[in-house]
């Protein structure tokens, strides 16, 4: 390994670290700064931009943001709330099932924010330690991203692997069952995590603290949201678009044919989701300003800018040193290709973006000759958000759990989400790798 490669690699890592600390569009712009150093300073030729990935994400975000502005996300949250309140005794299993399903349908984990107070309230009122369902609900909302046909990370994987004959249906046949089974197995363990609520010393202290008297006396923590007919229509249209994406991904023969080949999946997703966004705007007439002010639009555009900068930076470095990198990791790729999961996990911890992680490392995995079944099997490893407790829903859950059972420990990493996250990761990876070798 040359000193020049190590120096340039250190620059890339520094840009990722600083960009992640800055937050917002930090990853993207610091990726651009790193690219300026590599190109102007070291003379590296910039790699090709991940245009297809960026455009697919923008198309999906446009449709999802229109749905949110039309009240569709509120409607989905209302349904989720009803499900949680009807099954209080099994909330450690029901809560993650709800956040997993609604993240899969919406392509974003933002639904978790709104159901967390419901989970906290229902579990406390039924004497269940809120830490258990809260932690698994947050983890499930992350892991469901790899199972959603309209999530940024999934459309990116499809774009990279389609030249190898891998279609959307192939990816989902692995990620959907592996995340369902993996999360369920993790729930079995987490259901016994920590002391029972009635025996928890912090909760008992708060019960006797006058400051918490009004909070614990309250029986409602979320107001009922009125849902309009147009909100329901927007959800129906959005889910119809998602279904079309799945069908055309699973059956390329139903796509238009040009020069003897079916239309590429990138263009298919872009056309379908932009059209769905247009239909939502025409039929539901949401406020045009609200579309671009919503949380879905902001998060989606941040992901696009992150991929623009960081993925471009990483690809530029790897293309310049691909021969050296291949030689360096050749033995590892041949003997333990699954070890690529560690790289995905570590980068996802740093960048807090599944889409950016895929766009940065999947081209490297393909260039190194890692088989597509292995790449799909370890895809779930892009969900390392939980390792450092700075992810939005993690912070939110600490505030919503008034019992104090959901917490960050003295040493930062000994937090409520570490064990649920590691268990979920282990089981999902194990099942995902097994399924990918059987199915693909």
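If you go along the chain as it appears here, the first residue is 1 and each next one adds 1.
Using N, Cα and C of the backbone, Cβ positions are placed for all residues, glycine too.
Keep in mind that this is a model prediction, so the values were computed, not measured.
Annotated range for transmembrane segment in Swiss-Prot, selecting from 91-111, 112-132: 91-111.
Checking Swiss-Prot for transmembrane segment across the ranges 194-214, 362-382 points to 362-382. The transmembrane segment annotation in Swiss-Prot falls on one of the ranges 138-158, 390-410, namely 138-158. Counting Cβ pairs under 8 Å that are 6 or more residues apart, the transmembrane segment (303-323) and the transmembrane segment (22-42) reach 3 or more and are in contact. Across the candidate stretches 1-21, 22-42, 171-191, 262-282, the maximum count of CB pairs under 8 A to the transmembrane segment (362-382) is reached by 171-191.
Counting Cβ pairs closer than 8 Å and at least 6 residues apart in sequence, the transmembrane segment (331-351) and the transmembrane segment (1-21) reach three or more and so form a contact. Contact between the transmembrane segment (138-158) and the transmembrane segment (22-42) is not supported: fewer than 3 Cβ pairs lie under 8 Å, counting only residues 6 or more apart in sequence. Below 8 angstroms of C-beta separation, residues 92-93, 96, 100, 104, 132, 135-136, 139-140, 143-144, 146-147, 149, 154, 157-158, 161, 246, 249, 376-377, 379-380, 419-420, 423-432, 435-436, 439-440 of the same chain, each at least six residues beyond the ends of the transmembrane segment (171-191), sit close to that stretch.
Only residues 6 or more beyond the boundaries of the transmembrane segment (22-42), in the same chain, are considered here, and those with a CB under 8 A from a CB of the stretch are 4, 8, 11-12, 14-16, 302, 304-313, 316-317, 320, 351, 353, 356.
The list of residues near the transmembrane segment (419-439) in space but at least 6 beyond its ends in sequence, with Cβ under 8 angstroms from a Cβ of it, reads 135-136, 139-140, 143, 170, 173-175, 177-179, 181-183, 185-186, 189-190, 193, 338, 341, 345, 373-374, 376-381, 383-384, 386-387.
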